[in-house]
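Asker: Taken from TrEMBL, the feature region 'Disordered' applies to 40-65. Per TrEMBL, S-adenosyl-L-methionine binding site is recorded for Val75, Glu124, Asp150. What TrEMBL lists as domain 'Ribosomal RNA adenine methylase transferase N-terminal' is 83-284.
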Amino acid sequence: MWIPVARLPPRLRLSALAGAGRFCILGSGAATRKHLPARNRRGLSDCSPQLLPEPDFRNPPKKASRSSLDFKRYVTDRRLAETLAQIVCGKPNRPPHLLLECNPGPGILTEALLEAGAKVVALESDKTFIPHLESLGKNLDGKLRVIYCDFFRIDPRSGGAIKPPAMSSEELFKNLGIEEVPWTAGIPLKVFGMFPSRGEKRALWKLAYDLYSCTSIYKFGRIEINMFIGEKEFQKLMADPRNPKLYHVLSVIWQIACEIKVLHMEPWSSFDVYTRSGRLENTKRKEVLELLQQKLYLVQMTPRQNLFANSLTPMNYNIFFHLLKHCFGRRTATVIDHLRSLTPLDARDILMQIGKEEDEKVVNMHPQDFKRLFETIECSEDCAYKWLYDETLEDM
């Protein structure tokens, strides 16, 4: 019996419609993993399963205190602002892209971007800065617009009414006169800012879901993200089999989705830190002192034009995410062990088709290897079902 499509979450509703007949539920003990609790299983079925739930982006991690989340970094050095403006805006003769600047704060960088010829939309989540930012736009013929909005709370998944500084992408882009363009078209606009100092991973996950599903800001095309990211998350983002301890699901997801370039590196100490009570001067807090010793990397993430050229689509991306989470859930295992839990197809034959040996381990697979693996299974005609669903992963 099929699960009624109307009862599924919006993203999974698409997968159920697109993937009917591709799944079966594993029988009892078929893919038991020692570190996961045993659960009751159903026998082989033609049921369309509900895949791994999406992360809950609504609440901060329980271990992080609210005070540790309440500081922001701003560019206040004029020379640094000019350097960053030149990097992001590119050559002077190029037609300027529309630039969404996230939380510009005191506006030092905003001024530099305007002087470099950019057309800027300042998305500021702190009302304190808005009057000053608006004053920067006087006599500039509309080159600067200031909107009370938190970029990282665009299209929140908390449900209910959206209250400022949260905002829907539909409302924002309509007000800016931005229309949807095909994925294969050029870059419609750029986003520039800093990932939240205590929410980088969560922001990366949210953007990843939006990108692969072509929803939220990515509904309007291949939006280019230019963001400062902390050293630790940067190392994980760029990791591959040469850095197996740092290599994880997000490494694969983002390296497949985007061309990633490092545009600039700057010490954490180059930025001013503000809390709700104002500028943070001398601090003895250990967590802040540790951060000040790290570096921030300005990375440019441009979605690949050919991301959806083959079998990976906005309709089945969640199955691909499921495959990756399954594999990295037991990262030291061989790929063939995971395939036996993921698909009824001949695992040896699948590996042979992508040029891999039977003893290939998960951490030795490059990002594009995972994409080829997924697409090979999706394109197979050897079995009515393409995927098995392991219910024990549902709560991971």
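Backbone N, Cα and C atoms are what each Cβ position is placed from, and that goes for glycine too.
Curation does not apply to TrEMBL; its annotations are automatic.
I would like each feature placed in context: is it buried or exposed, what are its neighbours, and how far apart are things?
Answerer: Packing around Glu124 (S-adenosyl-L-methionine binding site) is summarised by its Cβ count: 25 other Cβ atoms lie within 10 angstroms of its Cβ, all protein chains included.
Per-residue pLDDT, averaged across the domain 'Ribosomal RNA adenine methylase transferase N-terminal' (83-284), gives 92.
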Asker: Take the Cβ of Val75 (S-adenosyl-L-methionine binding site) and count every other Cβ within 10 Å, whichever protein chain it belongs to.
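Answerer: By my count, 24.
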